[in-house]
Amino acid sequence: MKESKKRVLVGMSGGIDSTATCLMLQEQGYEIVGVTMRVWGDEPQDARELAARMGIEHYVADERVPFKDTIVKNFIDEYRQGRTPNPCVMCNPLFKFRMLIEWADKLGCDWIATGHYSRLEERNGHIYIVAGDDDKKDQSYFLWRLGQDVLRRCIFPLGNYTKQTVRDYLREKGYEAKSKEGESMEVCFIKGDYRDFLREQCPELDAEVGPGWFVSSEGVKLGQHKGFPYYTIGQRKGLEIALGKPAYVLKINPQKNTVMLGDAGQLRAEYMVAEQDNIVDEDELFACPDLAVRIRYRSRPIPCRVKRLEDGRLLVRFLAEASAIAPGQSAVFYEGRRVLGGAFIASQRGIGLVIEQNKDWK
């Protein structure tokens, strides 16, 4: 198999971003090989046709079974545990980038490339993910679990561009129809409401969980709900309960099948606990004077401090208002636009004791 430092494997979905990625890298002199991972839905005909038009090698990897057994299963399991998952965060290290590395090795490619709107920066011997220039499309939040060995082989050509610039670029290159395509789905295997997807994939879920009670913070029953997996922390719309004032989901108790409701003020938090972290340089993270954390995609970074607990988890202290801490979501730590690491937001049960045990932390 031919090997070259200019041979790069591109993950091709057939969409706007991966098409632009291929064209840009071709212009830079790379030899492009495309691979399309079929994980859900129809045959990737668009990707085949685009690869043929660009004159590049193209392969299709049918990964529907392992994808369903890992990423989709995790997505469902998280909701069944009362957590709010982000499947892209799980998919990137466990599936997408792992598969790209395996195929790159098999096809003699030194590099892998994707259409993520993020950048990479080398500093002090480490590779850091950096937020892309387009704040509306930045995808650095989803990449925090990637290891250094993977990042050292990545190229993200779109990191310095806005989505509109990418559309304009495709139009200039003669890909007019492609430039006008709509946005891809936020979760690639779900069309519409995730609740319908849960019911479709788990027909037994409603019978298994059943209706439960909305309760107040004092434990007073407020009315019935459809089952705890169908609610997320911070949710206001779609509760189908009239309390005479706005109500938000504060807590979810899978064991009791209860969903606690309250007002917006009760969602605020000064601390949170996170787990299963991936930090680039711990000394840098813990000492960073300008550290901020993003607790959901597209949310504003919140100034914070972080310390390691004796049990290995992270305690995060917010230095500005934080609200709707949802277990299962990612907490991604930034210095400016540079990602220093991330972790999964843990269950906040027992956090009062953790705070008390660390009351001298400044």
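Using the three backbone atoms N, Cα and C, a Cβ is placed for every residue, glycine included.
Quick look at what Swiss-Prot lists:
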- Gly11, Met12, Ser13, Gly14, Gly15, Ile16, Asp17, Ser18, Met37, Gly115: ATP binding site (BINDING)
- Cys91: active site, nucleophile (ACT_SITE)
- Cys91-Cys188: disulfide bond (DISULFID)
- His116: site 'Interaction with tRNA' (SITE)
- Cys188: active site, cysteine persulfide intermediate (ACT_SITE)
- Gln329: site 'Interaction with tRNA' (SITE)
- Where does Cys91 (active site, nucleophile) sit by DSSP, helix, strand or coil? helix
- Message: Assuming the binding residues for ATP are exactly those in the record, Gly11, Met12, Ser13, Gly14, Gly15, Ile16, Asp17, Ser18, Met37, Gly115, what is the maximum CA-CA distance in angstrom, rounded?
- Response: 16
- Item | List of residues, in chain order, with Cβ under 8 A from that of Ser13 (ATP binding site) and at least 6 apart | Thr36, Pro44, Ala47, Gly115, Ser184
- Whole-number Å distance between the CA of Gln329 (site 'Interaction with tRNA') and the CA of the residue listed as 'active site, nucleophile'? 14
- Message: Between the Cα atoms of Gly11 (ATP binding site) and His116 (site 'Interaction with tRNA'), what distance do you get, rounded to the nearest Å?
- Response: 10
- If H, G and I count as helix, E and B as strand, and all else as coil, what does DSSP give for Gly11 (ATP binding site)? strand
- What subset of the recorded positions Gly15, Asp17, Met37, Cys91, Cys188 lies within 10 angstroms of His116 (site 'Interaction with tRNA') at the C-alpha level? Asp17
- Query: Given the recorded positions Cys91, Cys188, which one is most crowded in terms of C-beta atoms within 10 angstroms?
  - Reply: Cys91
- Using DSSP, would you call Met37 (ATP binding site) helix, strand or coil? strand
- Determine, to the nearest whole angstrom, how far the Cα atom of Gly15 (ATP binding site) is from the Cα atom of Cys188 (disulfide bond). 12
- Residues satisfying Cβ distance under 8 Å from Met37 (ATP binding site), sequence separation of at least 6: Gly11, Val60, Ala61, Glu63, Phe67, Lys96, Met99
- Task: Enter the number of other CB atoms within 10 angstroms of the CB of Gly15 (ATP binding site).
- Result: 18
- Message: With Cβ-Cβ distance below 8 Å and at least 6 positions apart along the chain, what are the contacts of Asp17 (ATP binding site)? List them in sequence order.
- Response: Gly115, His116, Tyr117, Leu158, Val166
- Query: Given Cys91 (active site, nucleophile) and Cys188 (disulfide bond), what distance in Å do their CA atoms have, once rounded to a whole number?
  - Reply: 11
- Message: Helix, strand or coil for Asp17 (ATP binding site)? Use DSSP.
- Response: helix
